[in-house]
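Undergrad: Sharing a structure below in structure tokens format, with a few things to ask.
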Amino acid sequence: MVAGYTALTVRKIVQTQLIPAEPMSKPSPFATLEFWAWGAVFVASFSVAYVNPTALGTTARTCLPFLLASTVLGYMVGSGLPSGVKKVLHPIICCALSADLAAIAYGYLSRSGVDAVLGDYLTKAPSNPGAGDVLMGFLGSVIISFAFSMFKQRKVVLAAVAAELFSLVKRHAAEIFTSIAIASTFSLYSTAILGRVIGLEPSLTISILPRCITVALALSIVSFFEGVNSSLTAAVVVLTGLIGANFVQAAMDKLGLNDPIARGIGTASSAHGLGTAALSAKEPEALPFCAIAYGLTGIFGSLICSVPAVRQSLSDARKIARIYVYRHIFCDYVSVVIRSKRVILYPSVLTTTKLAPTFHEEAAALQQPAGEQGTDSVVLLELAFDHLVTQRTKCL
């Protein structure tokens, strides 16, 4: 919503005319021969791996053919499902289910366990690749393929004297860069604030900050922070993409975002690659803008998160959210002085409150000598809040 409406607003300001996009053909469905071919690969390689787990040298290389075939077959089956079913069971989900079922079956039959098989799926070792490593090797080709769609959207504008070729990015630079910058910043800070409002632990909040950025760049972004869970980051990014792939078109229809630029940028800046693939399958004219936003959103997010001041502000946003919630719960019950992210309790609070004696002792222990900064605001506010709830008493 933020990216789409920003693009429309900037369009009205700069008054850029949208040239109708070139019609693009949709991809053809998979042939029956492809199903039989991959099915034969799966059965043959699964049988070989069951008989001899190290037939190709290592378990990862031996499991590679049938795990790869199960993943591809899952996508083929998912792509052929009715559109109504795809809204619930996206082809990417079919991929995961198919690969997991194959891993579970082989782990059970070979008695190696499903964890060992999944470990062989993505080894990240060039000398001992798994099925996931092969698929990741095509990522660069997939990104480059976006350029072909962008090339088809080129426009030649004839003038009185000469002809000038305007690239898509140059023509709509104001809408693209402004909406991506605002949407990326909004995504990071809204996630930081809402994570604290709903009570997530700080490490979990940081781990899901780049949820709207593609996995590879999201993992590099969270590496700037301490105490993060990169596995959670990857899972949340994929989940965000799946939600976007299933519901982004219906959401934009309800919001009245019918402009291809707004739909393309809004989808890619919120649901990255999975949203881009889902939208381009039905709306090829929006693919160039999806591709541009897909790359620039990750780049812009990585750049701003590499700035220490921005990382600190994201951490402060979590604290501000917690203080804001507490303030509305018992702002009349505790007297504090906020001094540059720190808080010092009034002396009267320690002497006149009706809280339990343990509160006075703990608060006094946290207090710093006169003239020094007090302890962290969140610590004291949480302390007061806990006593407020448990003792059912009020702080003056």
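Here the Cβ of each residue, glycine as well, is placed from N, Cα and C on the backbone.
Note that the structure is predicted; figures quoted are calculated from it, not measured.
Features from TrEMBL:
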- 33-52: transmembrane segment (TRANSMEM)
- 64-81: transmembrane segment (TRANSMEM)
- 129-148: transmembrane segment (TRANSMEM)
- 176-198: transmembrane segment (TRANSMEM)
- 204-225: transmembrane segment (TRANSMEM)
- 232-252: transmembrane segment (TRANSMEM)
- 286-310: transmembrane segment (TRANSMEM)
Undergrad: Determine which residues of the chain contact the transmembrane segment (204-225) at the Cβ level, with the cut-off under 8 Å and only residues 6 or more beyond its ends counted.
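TA: Same-chain contacts beyond the flanks: 139, 183-184, 187-188, 191-192, 195-196, 232-234, 236-238, 240, 269-273, 294, 297-299, 301-302, 305-306, 311, 314-315, 318.
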Undergrad: I'm a bit unsure how to read this: which one of 64-81, 176-198, 232-252, 286-310 has the highest number of Cβ pairs shorter than 8 Å with the transmembrane segment (129-148)?
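TA: It is 64-81 that shares the most Cβ pairs under 8 Å with the transmembrane segment (129-148).
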Undergrad: How about long-range neighbours of the transmembrane segment (232-252): same chain, 6 or more residues beyond its ends, C-beta under 8 Å?
TA: 1, 4, 86-88, 90, 92-93, 204, 207-208, 210-215, 218-219, 222, 258, 262-263, 266-267, 270-275, 277-279, 282-283
